[in-house]
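Participant: According to TrEMBL:
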- 471: active site, nucleophile (ACT_SITE)
- 540: active site, proton donor (ACT_SITE)
């Protein structure tokens, strides 16, 4: 892996090519190049086969085109930046660069506007690179950033011969007219509404401009993430914006089917922060750092792309789990009595969970405020404990510790309730927009960010927490605004900068503290927040089958060990008990309100819970953090009953794997034909059918070639296969 800059190179002796700077990234088989030519900083080349573009080709492609009807460089700028009404795509000057081999900074200065941009590019040996910008106002008066896309440019081309004459076209190239749909296909979350997370599907990329976005004030229930597939070459592009605020990913399919002498198509991408302008007002000398864009390129199917993304996230995004506390089995109390907690229920739940094998106790909402009011109304008054807990919150957490569990606490620190004393005393501390107060702390104000951090650390210290669970249930839309230097600045960029800084500080101050993320379920699961939290709840939908469909999509964007499902919370939804327990084996294991009281325990169901937790600890958990996850049925739609959900997690060596076969309501027949994808042909394997209770041994080659029949006879039942080399 390497990120380097060159200013000259080998060119044919007959060619006149001046020196010009080229940035090149080599990471796994990804090669990516950018160049500064004629004052434009342009994306020059992206390859998933490890093939760079020669300097002569870059020069010929990009140096001209001022009079062309379709110049490459029109949309090929490596970033987009609009300041004070001017889109800064020309007149950039190279002022230097520095690198350590895996992280390179290119320093640019605009020749007309007093603006400097440091272009940061990093790689980690996976098939991904990351990009962010640092923008500095070098002038003597404020400037307003109206638009910023940290990464943009040409993603793929199909049938595009560039400067080649028609007689040099290869007969082996794909004729785009022969493709059944578009030259490019977009893989994205097609639904971004609450409780419909994970709705991944492929859609043809239409000609012209299209895109996806979130304007909820948070990254949304459809993540800032997508795949783009080149149907002419088979290459896949993966894009993730590590940003918890409003965002947009704009795509442009430049397709002209009647173009002579040969039709071609180009797919351009622009990954940007979104919201009303200006997004940021910079004082003289002030700098702003954009969020990172993660870009990957590879050949392969969807499973290969998912696994490459998981590998990159594990390598460069997800914080390491504290030693000795990796992926604990968690009890969450929210479902104990539909959100109402009594001491008797709470203590009984702790004792039951400990007997089952739980390792982390999470006291969820309703531990604070007035028991007579809704918990939402009391948000913000974190010093007032619920009178339902007569012995106090600390005593409940200590009860968990006495049972051998670590102790955690739910807090929604960004938001306040209507009865909050803080809202009445400090209205200026909250977001405002168009004269209206938004009951959300304005972290863009330094004194509010300081209060926010102190509130969290006081709670951690007061209760000696082992785990802190954040939640965020408000939709602030465009976000707040503030008058700054004659502009109305949107505060979300500063807001999330402050939020990230607080949790960076908390992680440094409490290195053994576990951090759990939630936002009405999966409302904020982007790589920005997930670079600071150890796992996340993926949905607030708790019925078993919909939860399984959501987990299916969540694990397309995040590694399974970071994804916490909660199927069948309390008494919500119906399925066979093994169905809802086994869904948890493919994520961070969480349960709650499994039994209302000791005397109401069902012995058979209790045994299945105990068995499932033992399987998670002994077989699944050791494998999960490095697993290759295979989605045998990746397209799941919440609006349809569905047929099957099938997952397989295999260790990197192919020596162990487990697979879940989940039958949905529209499945036909009495079995599923399962062909494992993560095993080896030179091994023999023992397969344990967990429901049926039998073992069998089969040759790996036969398993891969022919598969096996897995009986699952009725809807909302399942089978679990535990596979080990012998």
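If you go along the chain as it appears here, the first residue is 1 and each next one adds 1.
Glycine is treated like the rest: Cβ placed from N, Cα and C.
Note that TrEMBL annotation is computational and uncurated.
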Participant: At the Cα level, what's the spacing in Å between residue 540 (active site, proton donor) and the residue listed as 'active site, nucleophile', rounded?
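Facilitator: Roughly 11 Å, rounded to the nearest whole number.
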Participant: Whose Cβ, among the active-site residues 471, 540, has more other Cβ atoms within 10 Å than any of the rest?
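Facilitator: Of 471, 540, the one with the most crowded Cβ is 471.
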Participant: Could you say whether, by DSSP, residue 471 (active site, nucleophile) belongs to a helix, a strand or a coil region?
Facilitator: coil
Participant: When DSSP is mapped onto helix/strand/coil, what comes out for the residue listed as 'active site, proton donor'?
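Facilitator: For the residue listed as 'active site, proton donor' - judged by DSSP and reduced to three states - the answer is coil.
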